[in-house]
Every structure is written in structure tokens, then in C-alpha cells.
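Working notes, beginning with the structure itself.
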Amino acid sequence: MNIAVLLKQTFDTEAKIEIAGGAINKKGVGLIVNPYDEYAVEEALKLKEKNGGEVTIISVGADTPDAMRQALAMGADKAISVEDPALEGGDEYTTAVVLAKAVSTIPYDLILAGWREGSAQVAVRVAEELGLPHINVVTKLDVDGGKATATRDIEGGNEIVEVPVPAVITAQKGLNEPRYPSMKGIMQAKKKPIQKLSLGDLGLSADQVAAKVKVQSYFLPSAKAAGKMIAGEAPQAAAELARLLREEANAI
Amino acid sequence: MAKGILVFAEVKDGKVKNVAFEMLSAGRKIAGQTGDELAAVLIGKGVAGLAGSLAEYGADKIYVAEDDKLAQYTTDAYSKVLADLIKETDPATVLFGCTVLGRDLAAKTAQKVKAGLLSDCIAMEIEGGNLVFTRPVYSGKALLKAGIPESSPAMATIRPNVLTAEPGAGKGEVVNYAVKLDAGDLRQVIKDVILQISSRPELTEANVIVSGGRGMKGPEGFKVLEDLADVLGGAVGASRAAVDAGWIGQNLQVGQTGKVVSPTLYFACGISGAIQHMAGMSSSKCIVAINKDEEAAIFRVADYGIVGDLFEVVPILTEEIKKVVGK
Ligand SMILES: Cc1cc2nc3c(=O)[nH]c(=O)nc-3n(C[C@H](O)[C@H](O)[C@H](O)COP(=O)(O)OP(=O)(O)OC[C@H]3O[C@@H](n4cnc5c(N)ncnc54)[C@H](O)[C@@H]3O)c2cc1C
Ligand SMILES: Cc1cc2nc3c(=O)[nH]c(=O)nc-3n(C[C@H](O)[C@H](O)[C@H](O)COP(=O)(O)OP(=O)(O)OC[C@H]3O[C@@H](n4cnc5c(N)ncnc54)[C@H](O)[C@@H]3O)c2cc1C
């Protein structure tokens, strides 16, 4: 079973965000593998261990050698990195169209990606671009007999969904426990190939992938006024808090 | 030329989700400025009766798409119907609630109609004649203002609880929309649905959330938080430390790798205030922190703080709040 994993790096959450010249200052900001993508890599490796085949890591538009090496050290076989100056300023549409083309350069039975509270557009868009079904927010996955069966989070519970493969699956926390790369894995990863492609290599022009979203400005949230510390023993403090929530904050 | 606003009205348990009313109210104001039509769409089976509630919040037109194949949500079926409707009616803007379902549907539909989509927006307004959306980026550490000028339509998912739902009469014309679905459109098959029965509201839509962290000491500890939540009709949430310890379900985790919430009132009890937790709750309108460590980072974002033992403070607070709200 050949599996493509969509992988990206994101800012380290601890990173301090600064705005310079109307854009986010990316200098000196630590990058980490998107935590959800680690679940996707782990699941791909498990399926490979069971069924054979190859795991290919695919990344678009971001400078991701570290993330790719980490996935290769975990056990993925090879990586494809699409980089092109024309991707600067790209949005989820851009990323998805390019990813779909990049995935199409390899044989695949399954595409795994991360799911993130917030945006979560890219993987679903890739599925649509390739004409594939998808299952989002997955915490359990079985692939067998041309079908993928997954348990996914829905509001207030879970549902079990089945789709024919190839399909796109997005990983949610709980799917598995990502392994740590072994020393041997780290050594081997150095020799594994990372193929670099440009838009032209994929037969795409800058126009075809132009962003739909036009960013106007970045700004920092306004600093919050200092809060009130309520002193006193528990009974007085609790009574005072209840009063403030009602009379001052209008919150209850 | 694309015109008008279309709001996807998500239905859950036979009711329209509040976020749809919130989007209609905001859409009404924008429509008032631009003279555009404000439409809503109901998709499902047996949902036509909900059209009236959408008119009460300002919808001029309500498309009703009903079919047996839409009784249960699948991305394939719903996105096909919605994309068809968008192609036929050519709205300038399409809005979804940023819920599990809304996100899934919006992304698929956006790619079907090749539209730009801004996720998890917390504001929208007309600036220089264009509709501009605000969304948090980098876990809320920065904000981004963006528009989707050329693509038709501009799409966005709007975070629940950040816009205000206000009744405002719309024309309320109901249009039955004929659904075109082939077997080939429907590849996702729902095998089973397992719902956890809870009397409390969904975390992302709750007005009040009472969260607990490692300071809860164990699963039993959450009882005091449940009591407080129930007095206020709120939900119970948790930090990752409490979830990882197995004291409470993962679906109740608030934070960067959990849910992002914006309630009116958020209680953080026995939670230190790690950056990854704050990423999920710092946009709450009023934050209360109860922690025995006066140095805890959570006090820096709190509107009100009490330094003390939560097991002592919270039960008394519950009683005091009962008095104040008259229960
Ligand atoms: C200047 C600039 C600043 C930006 N700032 C931000 C920002 O602050 N926050 C933000 O969220 N986005 C930002 N973006 C946009 C972002 O780079 C893309 O839109 C991104 O692909 C969306 O990521 P996501 O995690 O939100 O998408 P999701 O749709 O949530 O991603 C889900 C999954 O899709 C896959 N995936 C996504 N992108 C890629 C990729 N490039 N390569 C391989 N797999 C991928 C991964 O498996 C990922 O887990 C910025 C873009 C630009 C050009
Ligand atoms: C990639 C990544 C993603 C993460 N995602 C999330 C996320 O989504 N959500 C999240 O919450 N965390 C997340 N974390 C974890 C986060 O970094 C913290 O470890 C976690 O939030 C700590 O939880 P806590 O505040 O409950 O525990 P602690 O930091 O241990 O704090 C416990 C607090 O309880 C107080 N306390 C103890 N007893 C009492 C008492 N009797 N009365 C009053 N106060 C008391 C203590 O003073 C202390 O401040 C993530 C971490 C990483 C690396």
C-alpha cells in the first residue's frame, strides 16, 4: 500500500510573534512539525508495516527540511518538496492545488494529513482537487479490501464512516502515539531522497495557483487591562466575585 | 456579477444552531449598508419548518434543500447541494459557522467552486466597499485582516459566540431547492453514530465554561465544576494535563490541540495558564482564574482572580452565584 503524507512545519507555539513591515517577522522563530502531522506519519508507517508499500512525505511552499528529515527518520521512505518563489503569498487554495499535483506524481492508495482546530482546509481541498472522498478528524482507521473505515469526531460524539480508497484521511489526536526516531532511523534518514520540484516541474503556472485570499494587514491583539485580584478568605472572596460577575461584568 | 450573502444554517437536534442567527444578524447589518439580499440555506430532511426562525433573524430568502439522502450529514452530499446552489444563485459571500461540520463542509465546497475561504473569523465589516474578515493566526498571538476580492464567492467560517444574535425581520421568502444527487456523488457511508448523552451545551458554543486542570487532582474533583456549570447552564472543559491523566474526555480539552472557545464567561480552576491552553480560551469575554499559586500565568489574562484552594472556593462560589441569579 503506497501512502502519501502531507506534512508541514508550523511555528513553535512558544514563539513570540512580532510584526515588522506589515508582515509577521519569521526570523528566529522556531519551527516544529505540525503535531497532527506526526499522527499522520505514524499511521502511515503502521499501515506500511502491515501491508508493505512506500510512504512518501509531501510538503509544499514551506522550507521544511527538518520536518521532512524527522518523518524520514521515523521510517518514511522518501520525500517530495515543492518550492517556488511563486508560492510566496499563497493561501490554502494555492497549497492544495500544488499538493494535489505533487501527489499525482507518485502512485498512491491513501493520503494522510493532519487536522487542526481552526483552519483545516488544505487536506479537504486536496481530496476535492483529486476527485477523492475524505474522512476528517479521525481517531481510528482501518484500511482493508479497497475500503477505509474510520471513527471520526463529530459534535457530541463519534461516527464511523466508510469510503472507497484512494481517499484522504485527516488525523486527530488519539489516532496513535507517534514513535520517536531511533538513532538508526536518524542515520538512515540522511541517505533518503528528498526530491525538489518547482511549479514548472509540475506543469503549473503562477496564475493557476494564485491566492484567492488577499491579506490586508497583520496586527497584534490589544493588550488586556490588568484584572482584579479579589482578596479575602474564601467565603468573602467568592461572594464578592459573584457580585462582580453580575454587576460589573454582566456575565451572569 | 455576484451579489448578496448566503448563510449556511446548520441544524442540530431539530434546531438551527445559534451561530447561524449570529451570522444572519451580522449579515443583516452588512446587507443594510450594501443593499444586498441576505439569504440562508437549510439542508437536510424535515428541516423546512425551521425557515421561520431564520426569517426572524433577518433572512430575506430561505432556500430549503430536502432529500432522504440528506437526512444524515455527509460532506459529499451536502457540498454537492451547496455548490450547485452557489453556482445557480451566484452569491458574493457565503458564511458557515466554524463548527466541526461547518469547517468540513466549507473547505470541500470552497474547492468545488474554486473560492477562497477564511477560517475561524471573529469579525467581518465593510471597509472601502469590500467585505473584510478578521481571523486569529498563530494560536491567537496575532490577527489577520483579509478579503477575498476576485474569487466568487468569498467564503468564511465564523467562530460561534463572537457575533451577537439579534432578532431583525427579513422578508422570509421560502424557496424549495430541488436537489440533484447521484449515487456517484455519495461515497461516504455512515456506518454508525455514537453520541455521548450530555445535558450540557457543546463546548464551542457554550456561554459559560468551567474548566479544570491538574489542580482537580482526579476525576472526582470535576464534580465541583459540574455543579457550578449546571447553575449557569454552562459546559465543563479541561486542560490537557487533566485530559492526559484520563480524568475527563478528550473532546472537552481546551487549547491549541483541543477546542478553541469564546464564551462570555470562562472559569479556569487549577489551571496554570500554559500558552497552549491560553491559545484556546484567551478570546473569552470574561475570564475568572482560581488558583492557589498567586504567580500562576493564568492570572495575567484573568479579569478576576482568586488565590486560593479551588475545592474550598468553588463550592461556596456556586452557592453565591445561585443567590445572585435567583436559583
Ligand atoms: C505570508 C503567509 C503567512 C501565513 N500565515 C499563516 C498563519 O499565521 N497561520 C496559518 O494557519 N496559516 C498561515 N498561512 C497560510 C498557510 O501557510 C497555508 O494556508 C497553510 O497551508 C494552511 O495551513 P493550515 O494548517 O491552516 O491548514 P490546514 O488545512 O489546517 O492543514 C491541514 C493539513 O494539511 C496539510 N498541509 C497544510 N499545508 C501544507 C503544506 N504547505 N504542505 C504539506 N501539507 C500541508 C498538513 O497535513 C496539515 O496538517 C500563511 C501564508 C502566508 C503566505
Ligand atoms: C504541542 C503541545 C500542545 C498542547 N496543547 C494543549 C492544549 O490544547 N490544551 C492545554 O491545556 N494544554 C496543552 N498543552 C500542555 C500545556 O503545555 C500544559 O502542560 C498544560 O496546559 C498544563 O495543564 P494544567 O494547567 O492543568 O497543569 P499545571 O501546569 O500542572 O497546573 C496546575 C495548576 O493547578 C494549581 N492547583 C493545584 N492544586 C490546586 C488547588 N487545590 N486549588 C487551586 N489551584 C490548584 C497549581 O497551582 C497549578 O497552577 C500542550 C503542550 C504541547 C507541547
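Using the three backbone atoms N, Cα and C, a Cβ is placed for every residue, glycine included.
Around B:His277 (FAD binding site), the C-beta neighbours below 8 angstroms that are at least 6 residues distant in the chain are B:Gly213, B:Ser239, B:Arg240, B:Val254, B:Gly255, B:Gln256, B:Ala268, B:Ile271, B:Ile298. If you look up TrEMBL, you'll see B:Arg214, B:239-240, B:253-257, B:270-277, B:Asn291 marked as FAD binding site.
Sequence annotations record features per position, and here TrEMBL assigns domain 'Electron transfer flavoprotein alpha/beta-subunit N-terminal' to B:5-190.
Filtering of the binding-site residues B:Arg214, B:Gln256, B:Ile271, B:Ala274, B:His277 by Cβ separation from chain A (threshold: under 8 Å) yields B:Gln256, ordered along the sequence.
Within the group of binding-site residues (B:Gln253, B:Gln256), the Cβ with the highest number of other Cβ atoms inside 10 Å belongs to B:Gln253. All protein chains considered, the CB of B:Ile271 (FAD binding site) has 31 other CB atoms within 10 Å.
Around the Cβ of B:Arg214 (FAD binding site), the same chain contributes B:Ser239, B:Ala241, B:Ala242, B:Ala245, B:Gly270, B:Ile271, B:Ser272, each under 8 angstroms and 6 or more positions distant in sequence.
Sequence-distant neighbours of B:Ala274 (FAD binding site) (same chain, 6+ residues apart, CB-CB distance under 8 A): B:Ser239, B:Gly255, B:Ala297.
Under the three-state DSSP scheme, B:Gln253 (FAD binding site) falls in the strand class.
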